[in-house]
Amino acid sequence: CSAVAVRTLRPLSLSARAACSSEDKITVHFINRDGDKLTAKGKPGDSLLDVVVENNLDIDGFGACEGTLACSTCHLIFEDHIFEKLDAITDEEMDMLDLAYGLTETSRLGCQICLKKSMDNMTVRVPEAVADARQSVDLSKNS
């Protein structure tokens, strides 16, 4: 009898979880290299790289290393008021950002920024071009 009860409750709990998660979604606006606005949603705790990948956003070359801090292709530029609220940058992220194209004072790597509810409806800008830090490393190994 208890096995039957578990089977009938399981779908209810899954649908309840789905309803909660859709309400908890955070909207992020990306301005791509062409100046087009791409809007996507993610869950609290998702990285901005996760949001781009899971929503199949068309941002060429974004996240080439899949979030392993081995490139700078997920480089994003934040508005000042959002940048000031981001968690502290690590030395590893700073090293990768040093190799990023179009570095600004409000640049961060999308793979290192996790969504919080306070970020709902934020807009981030993708730089005009991308530099893949892995290629720079590969080139220096060959010389």
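Even glycines carry a Cβ here, placed using N, Cα and C.
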Have a look through CYS111, CYS114 and flag the one Swiss-Prot assigns to the [2Fe-2S] cluster site that CYS65, CYS71, CYS74 belong to.
CYS111
Which of CYS65, CYS74, the listed binding-site residues, has fewest other Cβ atoms within 10 Å:
CYS65
For the recorded [2Fe-2S] cluster site, whose residues are CYS65, CYS71, CYS74, CYS111, find every other residue on that chain with a C-beta no more than 8 angstroms from the centre of their C-beta atoms, and list them by sequence position.
LEU49, GLY63, ALA64, GLU66, GLY67, THR68, LEU69, ALA70, SER72, THR73, MET96, LEU109, GLY110
